[in-house]
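Pulled from Swiss-Prot, these are the listed features:
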type	residues	note
REGION	1-232	region 'Pyrophosphorylase'
BINDING	Lys23, Gln78, 83-84, 106-108, Gly145, Glu159, Asn174, Asn230, Arg336, Lys354, Tyr369, Asn380	UDP-N-acetyl-alpha-D-glucosamine binding site
BINDING	Asp108, Asn230	Mg(2+) binding site
REGION	233-253	region 'Linker'
REGION	254-466	region 'N-acetyltransferase'
ACT_SITE	His366	active site, proton acceptor
BINDING	Ala383, Asn389, Tyr390, Ser408, Ala426, Arg443	acetyl-CoA binding site
Amino acid sequence: MSVLAAVVLCAGKGTRMKSEKAKVLHPILGRPLCAYPLKRALELGATSVVPVVGHQAEAVEKAVRGLFPDAPLRFALQREQRGTADAVRSAEEALKGYSGRVLILYGDVPLLRRETLEALLAAHDQAGGKLAMVTTTLEDPTGYGRVIRDGGKVTRIVEHKDCTPEQRAVRECNAGIYSVDADFLWKALAEIKPQNAQGEYYLTDLVEMAAKRGPVGSVEADATETAGVNDRVELAARARVLQQRINEAHMRAGVSLQDPATAYIEEGVTVGPDTEIGPSVTLAAGTVVGKGCTIGQGSVLHASTVADGTVIKPYSVLEEARVGERNVIGPFSRLRPGTELAEDVHLGNFVETKKARIGKGSKANHLTYLGDAVIGSGCNVGAGTITCNYDGVNKHLTELGDGVFIGSDTQLVAPVKVGDGSYVGAGTTVTKNVPPGSLAVSRTPQVTKEGWVATKKARQAKARAG
């Protein structure tokens, strides 16, 4: 395969999205639309990738650089919206001195497969001409440019409005994806004339110009694969296709999805074999789940790591958490950023953690908040325990040693330490460090008044009779 550069058109406003946000920044499975064609170009080994920006140029550039910080990006600006040919021409300066193949992609076409683009580049090499293109066959080609052939050879693209009745019967359409020789591309773009009253320049003219200089290569792709996004209905439709692809890939790799139609799994998620994922689970980008895990119904994992053999019970939420092997989490647990759990940890219903490191075999099974905490191994934290970590200005650390037992309804007022093997009685407010092997109790002594209820009722009856 020849040396490759790529131009990705990201300048459009996307008026039909009815949004203040640039169209290519609208998310599809957790990533902006434009991330998908950009990723494809990089997968193919493009040595220069030129996103052409226009509408909200700074926002688009910032987003793309954030997604691909180490990529060979060279941004180009289309100052006015004057058609696709003008947009590509905006990239000429960014590719000055380059003489290889230029792959032209659209920032709002997220479903193109790598294999299709590899076939396009191979078709370009095989044809030996100036240009190769992707075509697609549509049941209803109304509105699309038709691929006109002569003896099987591509000769030009005719827009629907300009087609003769015979040409309108053609169902092979232009998908708008091209591989073009750079030297030909820049010269041909300079020759293209505006096609309408708005002074717009269209790339489709390139095909006829290339056909006059040699054979035009072509490869056919499924219509779903080449479909763009113009409004939010189409955005949702493309997302469904992409989600199905992702879910099927996981299942073929040994992952069980109880209800593939409701499992929301973004790109950039890794799941090990023999893991079972329940209905309506969300696995966001950056999440890694080991083998033999169970992710229960309605659970949400954002950029979290779950080691082998762990069970996440239904409706638990993990955000940038690190979970060790054989943990049992939930139901209804929330692990916030900075949570790190060792092996065999149990966190039960309505337990919330934040910046908490919890050692091997420790348990907090009910109604507990553990924030800014370091908890040793083999600890038991009773129901209703709270680390009081915030004084109104600063956060403070709570430390529990190994083998600590914390009774129910305990408040640990940070900064505070409870030493190895210590016990804290139920209902205690711990404000001072507890030495190893100690018992800390701060409850008010119980007072029992026998016969008090009868005395109270008699007094109330007398008052009513008054």
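For all residues, glycine too, the Cβ spot is worked out from N, Cα and C.
These numbers come from a predicted model, not from an experiment.
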What is the total of other Cβ atoms whose distance to the Cβ of Glu159 (UDP-N-acetyl-alpha-D-glucosamine binding site) is within 10 Å?
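By my count, 15.
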List, in sequence order, those recorded positions among Lys23, Gly83, Asp108, Asn230, Lys354, His366 whose Cα sits within 10 Å of the Cα of Ala383 (acetyl-CoA binding site).
His366
Report, in whole Å, the straight Cα-to-Cα distance of Tyr390 (acetyl-CoA binding site) from Asn230 (UDP-N-acetyl-alpha-D-glucosamine binding site).
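Counting only the Cα atoms, the answer is 48 Å.
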Tell me, roughly as an integer, the mean pLDDT over the region 'Pyrophosphorylase' (1-232).
95
Given a Cβ distance threshold of under 8 angstroms, which distant residues of the chain, six or more beyond its ends, lie next to the region 'Linker' (233-253)?
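Counting only partners 6 or more residues beyond its ends, the region 'Linker' (233-253) has Cβ contacts under 8 Å with 17, 26, 28-29, 33, 36, 110-111, 224, 227, 260, 263-267, 269, 271, 273, 277.
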Need the DSSP three-state call for Asn389 (acetyl-CoA binding site) to compare against my parser.
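Reduced to three states, the DSSP call for Asn389 (acetyl-CoA binding site) is coil.
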Have a look at the binding-site residues Gly83, Asp108, Lys354 and say which one has the shortest Cα distance to Ser408 (acetyl-CoA binding site).
Lys354
When the number of other CB atoms within 10 A of each residue's CB is tallied over all shown chains, which of the binding-site residues Asn230, Asn380, Asn389, Ser408 has the maximum?
Asn389
What whole-number distance in angstrom separates the two most remote CA atoms of the acetyl-CoA-binding residues Ala383, Asn389, Tyr390, Ser408, Ala426, Arg443?
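Per the listed residues, the maximum Cα distance equals 23 Å.
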Taking the Cβ of Tyr106 (UDP-N-acetyl-alpha-D-glucosamine binding site) as the reference point, list residues of the same chain whose Cβ is under 8 angstroms away and which are at least six residues distant in sequence.
Val8, Leu9, Pro37, Gly176, Ile177, Gly228
What are the sequence-distant neighbours of Arg443 (acetyl-CoA binding site), meaning same chain, six or more residues apart, C-beta distance under 8 angstroms?
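Listed in sequence order: Gly425, Ala426, Gly427, Thr428.
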In DSSP terms, helix, strand or coil for Arg443 (acetyl-CoA binding site)?
coil
Measuring Cα to Cα, how far is Asp108 (UDP-N-acetyl-alpha-D-glucosamine binding site) from Tyr390 (acetyl-CoA binding site) in Å?
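Per the Cα atoms, Asp108 (UDP-N-acetyl-alpha-D-glucosamine binding site) and Tyr390 (acetyl-CoA binding site) stand 46 Å apart.
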When you measure from the Cβ of the residue listed as 'active site, proton acceptor', which residues in the chain that are at least 6 apart have a Cβ under 8 Å away?
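When sequence neighbours closer than 6 are ignored, the residue listed as 'active site, proton acceptor' has Gly348, Asn349, Phe350, Val351, Gly382, Ala383, Gly384 within Cβ distance under 8 Å.
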Rounded to an integer, what is the Cα-Cα distance in Å between Asn380 (UDP-N-acetyl-alpha-D-glucosamine binding site) and Asn389 (acetyl-CoA binding site)?
19
